[in-house]
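Encoded as structure tokens, the structure appears first; notes follow it.
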Amino acid sequence: MSQSGSRLFTSESVTEGHPDKICDAISDSILDALLTDDPRARVAVETLVTTGQVHVAGEVTTTAYADIPKIVRDTVLEIGYDSSAKGFDGNSCGVNVAIGAQSPEIAQGVDHSHEVRTGELSDDEIDRQGAGDQGLMFGFATTDTPELMPLPIALAHRLSRRLTEVRKSGVLPYLRPDGKTQVTIEYDGDKAVRLDTVVISTQHAADIDLDNLLTPDLREKVLGSVLAEIDMPELDVSDIRLLVNPTGKFVLGGPMGDAGLTGRKIIVDTYGGMARHGGGAFSGKDPSKVDRSAAYAMRWVAKNAVAAGLADRIEVQVAYAIGKAAPVGLFVETFGTEKTDPARIQQAITETFDLRPGAIIRDLDLLRPIYAQTAAYGHFGRTDIDLPWESIDRAEKLRAAAGL
């Protein structure tokens, strides 16, 4: 149902130097390296970082070779951790690797689906690949922004990206890699009307004046720059509360300040809390894992549905059983914004999209090294990189199937 009245909604983002995002970047960089030489590699790589140490563990079955310690160090250095004074140093950190093979019991369900083993197989080769796990995945889209994302998470990601840009370009050379942003938007019903609060917490060099240097710089070079880019004249930005490093100084950051883990920023990775989440993380997983590939597919479905004018706001859920090709469930929620019968929308989605894992991989061309670029700043609604699940190539077909 659509809601009426004024309310505040908040989403957060983090920079690539956040400890959890270091881990996501390492896991996805290893995945990309393996997919480059072996597109059918089965990969599930988890990373942990702490003071001076990187631990990589997981299951991999592949014909490819990846120099994991080198990938780890290169990734850490590219993020910007090149000195212990910054909380981490890719040149000297310890790297521990503990990688085994994928369980043969899991592999048999992916390689030979339930449909194959029970004689339900059609002539369609796509039926041969089963889901890599059971689970439920959600996709979401809304008319909040041109990229059909919720405005709070879209702005939070833009602020985080800009925070990294001004650090790496030398515009604000005293910034360090670790950082977080948070955006609170006032909604009138379902319409974003005012930017209420922005929080920016960023690691910085010692002896930086918070009030006289950091805050004015971030207001102009980060917040001001992002606001100048957005084309939303109806959004009131006249009285923004900006909170910079509300705890005071932020010198001790990165893995020295907090341990990091792969897959611990799943709301940042998706819709900033405005949509439900099935619980599965993305990074370090090859596309046979429906946690990743089906979540991408559901964003594709939702974005095409909104682009087709079927609803102003839509959430779609798909569910799988491990080893089975066909989804066990599909659910569509339009929050009262639908332009036709929701049952008709669901039927149109079923007719337009093949949500078997093999079909998703085929249609979105997922057996490619495209994943490291998604490790920070969100997997959805990206305007800075080209991602196949952001295409609206099925919108017209979907609209026709819905009878509009």
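Quick reminder: no glycine exception, Cβ is built from N, Cα and C everywhere.
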Candidate ranges 14-24, 80-90, 102-112, 157-167 [criterion: Swiss-Prot lists as region 'Flexible loop']: 102-112
Neighbour-count leader, CB within 10 A, binding-site residues: His18, Lys249, Lys289: His18
Spatial neighbours, same chain, of Gly179 (ATP binding site) - Cβ under 8 Å, 6+ residues apart: Val14, Thr15, Gly17, His18, Ser160, Leu163, Thr164, Ile200, Ser201, Thr202, Gln203
Cα proximity to Asp20 (Mg(2+) binding site), best match among binding-site residues Lys249, Lys265, Lys285, Lys289: Lys265
Structural state of Gly179 (ATP binding site), classified by DSSP into three states: strand
Distance [Cα-Cα, Å, rounded] between Glu59 (L-methionine binding site) and Lys249 (ATP binding site): 40
Residues that sit under 8 angstroms from Lys285 (ATP binding site) by C-beta distance, when 6+ apart in the chain: Leu31, Val43, Ala44, Asp291, Arg292
